[in-house]
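K.L.:
Below: one structure in structure tokens.
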């Protein structure tokens, strides 16, 4: 039934043709069940395991690798001779990588869909209904409830469907609907129509929503919506419809994959076409097909070389290390890619209660009457320190501490707060914090009494558990609570009837009252001044109400409670307590004692975090279910708004936002910093608008109502104290529910991205080198310098370890002084592309050069000519060009070993270059990242392992090297450091803002030797120089290769 909240009880009952006392007939139930179905959320049909596995192979890079593995497998099948076994290693390793990636992908997908299933926990199992087949109430399965059913609910029940209340059988009905609306306190319900058809859920006071809990009272109502038509069902539909966005990093890697696949395809085809003339060479037995297959194998090797197989594993490892660091800061990351996304967050949409605030209601101001003369009066105003439930703080007047027992009015005020109260403080030993037992408002009053200590109770030596209620206990020993007149909506107050524990002539029964100021003060005839009682005059009343209005609408927007007493109440037997309508009669002729103002105070550290966000170019938006006045007041206190800033067009309620045109709503999301009284649909809409501006949005939430927006935003952040639905729909969980933790996580995300850029570029330059190597050997007609199994080893193991260690690079000191990076910013800019292409070309040329050196110039090598090397495929006994050359020498493992050793060593030097994007190694020596030094040592150890430990040399088709050969490897490898240092110098001094270095030779003073050598690590210089001198002073016939 649409808009049931706007209809009268009679209209709703008439719509379903049902009587409240008898309920539906079985015939009606049957028809309604056929029409509306079961009252349950349908199980989401997830993807089958096979569909999930196939999905993992939709990535272009993965498909290319899979194709390369299949082709390698087919070619290995037809391989002959000694290479038969080793030929199968390559396809096997590639398939192993793909299977591992698929397992991780499937596991992540399965986790993502758990959020929808978690909604099931809010479905009640049973419900109590009236139906015509029985005279009394009956318990049935909640899934069998249909629209039109008359349902009975009582304290402790979970509401089984969306219900329009028809009658309340207790004084009040309180409902905890925080999981759905985000309201921090339970809500009082009534049965009157709410005429506004566009009312938000918070304002539908005559409705009960499926999945919410009854906190107090008993009532009956008629079911108006079941299953997917309930409010919680609508949330489920939103979550099903929400497609998970790919993170900026995933998008960048997708783009990189597409570009790389095109480049790979072109190079592979080019290599194959270049060598068409060699298809008929004698080495292939004169068979054109065998020649074509041989060069096809080289093209496959090229594809394997070009794909950074280790990249997924390194990224996963780096992100996992980041999550560990974040966990230490109370940010528990559920989705690994979101770690990097945090780094480009440009908007944080934060809930108010418990995130920006403590969610611990606290009394911060109070007043009592000081003097009254006719229509004029003066007040004693006090402020109270402490913003949590901890009974620690002091009462101050004019910023100076006061002793509360010196003011008679404060003693009576504390007595009312302690006795007109059903809540208490409790010390949780496991968490080490004080917690509320009962309502937040009443717990704030309990805490106030502890801070006031009006009877000077000795508190030293008490345990924290004893301290929790020490002062309240003293007051409760003086007076005994006989009965309570519960809160009701019409009078907006509650009271307790108390008698003294030790009766005497002077002490007598009293009624203590607390409630909304306007309701209580209207029923006050007198005011308490010290220990005397003075008549309330219109002027005094106006003064009191003006102060209360100022507190309620000023910068604090306090929630005010008036406290009063009835000095001569009726005796219990003279009261008729069965009917709550009589309560107001007994709460008249009251004496006003004082007023307290409370709020959910901001967390102490939030203001500095909001300031840090502003420095980092991140906009903070508060989105709350609370009212607008309170929300704006908190925004001012924490710095989202300035103290006197005009909030017109910067703060909206959900209703005001709905009334805007779509274009105005879009503009509102661009400028606003506060949204109050919002519903789940508003949060999702705000996220959509922000995403349309290319903003990267982090959204916080804790209730079921927040789940769709959490899932839709780039970073969903759930509270540690939130619901399972919110947690499973989110990417990150805040263990301490603290906004400052989000800011710390953003800082960590930025550092992780910077490090990730370094190792991605490091791996890419390595792959460029491998591609250049294979391309050069094919273009020059040289024998194979590297084979696929060696390339896999380098890409996965020897490169993988330093790349992972680069994730430990220290973050920049000014990382939070820069604006968020543009998520569309490429991983590799034009300059960086040139830089890594240049390095890659050197890596490729050096690798081929190392193999050529062995053939042409090495002692113990064949010393063939360049022509013979580049035409080795024409080598046979009757060819005069190869006279005296043993053709078997072109299949020697030595040149391949030289090429592999140079590739590995050069990559270790490249890892050192990647310590910083533009900072020189002379100023940032290797031990700045000790993990990198360790990983380089381990990678070189693994390289020695495959060189010197049998049977590994056979598998990798390599052989041990002697000292001269190793010196040659170092000679060829070390120049890559000098080359990158030159490129860094250019970037530092001509492409970025000039730093401290000597870059402006206009004045000689700025180019002094001391200025240019400032910050150089001399220990590193003294360590490296002797090594370089020794390497390059040793003769290895290097020059002979060029003379040849």
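Counting starts with 1 at the first residue shown.
Placed from the backbone N, Cα and C atoms, the Cβ positions cover glycine too.
Keep in mind the model is a prediction, meaning the values are calculated, not measured.
Dumping what Swiss-Prot says about this protein:
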- 49-69: transmembrane segment (TRANSMEM)
- 90-110: transmembrane segment (TRANSMEM)
- 254-273: transmembrane segment (TRANSMEM)
- 294: 3'-nitrotyrosine (MOD_RES)
- 295: 3'-nitrotyrosine (MOD_RES)
- 296-313: transmembrane segment (TRANSMEM)
- 441: phosphothreonine (MOD_RES)
- 757-776: transmembrane segment (TRANSMEM)
- 767, 770, 798, 799, 907: Ca(2+) 2 binding site (BINDING)
- 787-807: transmembrane segment (TRANSMEM)
- 828-850: transmembrane segment (TRANSMEM)
- 875-887: disulfide bond (DISULFID)
- 897-916: transmembrane segment (TRANSMEM)
- 930-948: transmembrane segment (TRANSMEM)
- 964-984: transmembrane segment (TRANSMEM)
K.L.:
Quick one: Cα separation, residue 767 (Ca(2+) 2 binding site) versus residue 295 (3'-nitrotyrosine), in Å?
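P.N.:
Their Cα atoms are separated by 20 Å.
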K.L.:
So which residues does the transmembrane segment (964-984) touch in its own chain, when a touch means Cβ under 8 Å and the partner is 6 or more beyond its ends?
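P.N.:
835, 838-839, 842-843, 846, 849-850, 853-854, 858-859, 894, 898, 901-902, 905-906, 908-910, 912-913, 918-922, 1028, 1031-1032, 1034, 1036, 1038.
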K.L.:
How many whole Å apart are the CA atoms of residue 907 (Ca(2+) 2 binding site) and residue 441 (phosphothreonine)?
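P.N.:
Rounded to a whole number, the Cα-Cα distance is 64 Å.
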K.L.:
Would you mind listing the long-range same-chain contacts of the transmembrane segment (787-807), meaning Cβ under 8 Å and 6+ residues beyond its ends?
P.N.:
72, 86, 89-90, 93-94, 97, 300-301, 304-305, 307-310, 313-314, 317-318, 321-322, 752, 755-756, 758-759, 762-763, 766-767, 770, 896, 900, 903-904, 907-908, 911, 914-915, 929, 931-932, 934-936, 938-939, 942-943, 946, 955-958
K.L.:
For residue 799 (Ca(2+) 2 binding site), just count the other CB atoms lying within 10 A of its CB, please.
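P.N.:
That number is 29.
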K.L.:
The transmembrane segment (897-916): which same-chain residues, six or more beyond its ends, come within Cβ distance under 8 Å?
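P.N.:
Beyond its ends, the transmembrane segment (897-916) has Cβ neighbours at 758-759, 761-762, 765-766, 769-770, 773, 785-786, 790, 794, 798-799, 802-803, 805-806, 809, 839, 842-843, 846-851, 853-854, 924, 926, 928-929, 932, 935-936, 939-940, 943, 947, 956, 958-961, 965-966, 968-970, 972-974, 976-977, 980-981, 984.
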K.L.:
Please report the Cα separation of residue 441 (phosphothreonine) and residue 799 (Ca(2+) 2 binding site) in Å, rounded to an integer.
P.N.:
60
K.L.:
Ten-angstrom check, please: count other Cβ atoms within 10 Å of the Cβ of residue 295 (3'-nitrotyrosine), all chains counted.
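P.N.:
Taking every protein chain into account, the count is 20.
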K.L.:
State the non-local partners of the transmembrane segment (254-273) in its own chain: residues 6+ outside its ends, Cβ under 8 Å from one of its Cβ atoms.
P.N.:
59-61, 64, 246, 292, 295-296, 298-300, 302-303, 306-307, 771, 774-775, 778-779, 826-827
K.L.:
Looking at Cβ-Cβ distances, which residues of the chain lie under 8 angstroms from residue 887 (disulfide bond) while being 6 or more apart from it?
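P.N.:
When sequence neighbours closer than 6 are ignored, residue 887 (disulfide bond) has 872, 875, 876, 877 within Cβ distance under 8 Å.
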K.L.:
Please report the number of other Cβ atoms within 10 Å of the Cβ of residue 907 (Ca(2+) 2 binding site).
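P.N.:
Other Cβ atoms within 10 Å of residue 907 (Ca(2+) 2 binding site): 26.
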K.L.:
At the level of the C-alpha atoms, what whole-angstrom distance separates residue 295 (3'-nitrotyrosine) and residue 770 (Ca(2+) 2 binding site)?
P.N.:
17
K.L.:
What whole-number Å value do you get for the CA-CA distance of residue 799 (Ca(2+) 2 binding site) and residue 294 (3'-nitrotyrosine)?
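P.N.:
Taking the Cα atoms only, residue 799 (Ca(2+) 2 binding site) lies 28 Å from residue 294 (3'-nitrotyrosine).
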K.L.:
Write out, in the order they occur in the sequence, the residues of the chain not among 767, 770, 798, 799, 907 that have a C-beta within 8 Å of the mean position of the C-beta atoms of the recorded Ca(2+) 2 site.
P.N.:
763, 766, 769, 791, 794, 795, 903, 904
K.L.:
If I restrict to non-local contacts, at least six residues apart, and a C-beta distance under 8 angstroms, what lies near residue 798 (Ca(2+) 2 binding site) in its own chain?
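P.N.:
Listed in sequence order, they are 904, 907, 939, 942, 943.
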K.L.:
For a quick check of understanding: among the recorded positions 441, 767, which residue's Cβ has the most other Cβ atoms within 10 Å?
P.N.:
767
